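Going by Swiss-Prot, these are the annotated features:
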- Cys47-Cys86: disulfide bond (DISULFID)
- 1-31: transit peptide (TRANSIT)
Amino acid sequence: MAFTMRAPAPRATAQSRVTANRARRSLVVRADKDKTVVIGLAADSGCGKSTFMRRMTSIFGGVPKPPAGGNPDSNTLISDMTTVICLDDYHCLDRNGRKVKGVTALAPEAQNFDLMYNQVKALKEGKSVDKPIYNHVSGLIDAPEKIESPPILVIEGLHPFYDKRVAELLDFKIYLDISDDIKFAWKIQRDMAERGHSLESIKSSIAARKPDFDAYIDPQKKDADMIIQVLPTQLVPDDKGQYLRVRLIMKEGSKMFDPVYLFDEGSTISWIPCGRKLTCSFPGIKMFYGPDTWYGQEVSVLEMDGQFDKLEELIYVESHLSNTSAKFYGEITQQMLKNSGFPGSNNGTGLFQTIVGLKVREVYERIVKKDVVPV
C-alpha cells in the first residue's frame, strides 16, 4: 500500500472548512414533515442517469416500476419512497415538430418550462398532477398520466436547473459530468453494438447536439451541490474508455450534507490501496482526496482512478472513508454487491453513485427531522 498525505495548509480557509463541517453535523433543519423533498439530476443523454436512479431507489427499498395501469411507454418510475420523472416529458415539441423548426431536444424553445415549474411545485406541495408523456419510441407526446406526490421526487434530464423557478424548488442538485472522450466511447459502444448505428451517424449526431449541449446543458453543472465527473484514466493509455478516473466534487458550506473525506478531513491525500487487503490487477487503483475550487466555489474532491477486482474487498476502502451517510459499517459495500450487475459497479462511477444516493437519503432525513448519525 502506497500512501502520501499533505496536512492542511496553515490558512484560515482550510481550518474554517473543517470547523464549519463539524458544526453542521448537529444542525437540525426546520421543515414540514409531510413536504415532498425534490432532487434534481442533470446530465446529457447516455450519461448513466438511469443506472444512477436504479442505485438510488435501491437504497430506499422497493423495485421501481411505471405507474400502475399507465402507458407502457411511460418514462416515470415509482418505488416505495421515490418517484422519478423524466424531464423529456415536458418537451413542447414532438420529434417532427423539432425537425420542422430545426431545433434539437436540448434547445430551451423545445421545452414547456411553465408546465414543468407548475407541476413540480404542485407535487412538492403534496398535490397530484396530470403529467404529459414524451414517447421515445414514436417521438410523439402521449396522453397525460396521473402522478401522486411522493416522499422523494427526483426530476432527471437535460434541464432541471436551467429554469430558475424550477431550480429554486430543488432541495439538492446533482450533475453527471462525462468528458467528451468517454461520452463518445460509451455512445459508440451503445449505439453500434446495441442499436446497429454506423460510426458516421454517431459522429454526426454528437456534432449536431454539441452546440446546444455547450450552451444550455453543460453550464448547469456550476449550480450543482455534488458532481460526479468521469474522465479518462491517468494510469495507462486507454482510447476506448475501458478504465475511468472518476471524481466526486462536493460543495462546501451546505446545510444539507457533509462532504465525504478520506483519512483526514481538510488534508490532501494520495493513496494506492492495492496490497494484502485489496486485490488490484491491471491497471491498478489510485485514490485522491483534497480541497479544490469549482467555478469559484470551495469544494472537496474524492477521486478514484482504476477498477476493483473483487467488490467484497471494497469494505477496505470504505473503512477509510468518513461522512459517507451510511447507516452502518459496510453499507456501501453491501449496496455495491447488491447491484453488482449494474454498469460501473467495478469502478468509481458505481461507488460514487452509491455514496451520492446515501447523501440523498441524508438530505431527506434532515428535512423531515429524522436523526442522522454520520459514519
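A Cβ is built for glycine as well, from the same backbone N, Cα and C atoms used for every other residue.
Quantities reported herein were computed from a predicted structural model and do not represent experimental measurements.
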Q: Provide the number of Cβ atoms within 10 Å of the Cβ of Cys47 (disulfide bond), excluding the reference atom itself.
A: 21
**Q.** Cys86 (disulfide bond) - helix vs strand vs coil (DSSP)
**A.** strand
Q | Nonlocal neighbours by CB distance (under 8 Å) for Cys86 (disulfide bond), same chain, sequence gap 6 or more | A | Asn75, Thr76, Tyr134, Glu156, Gly157
**Q.** In three-state DSSP terms, the structure that Cys47 (disulfide bond) belongs to
**A.** coil
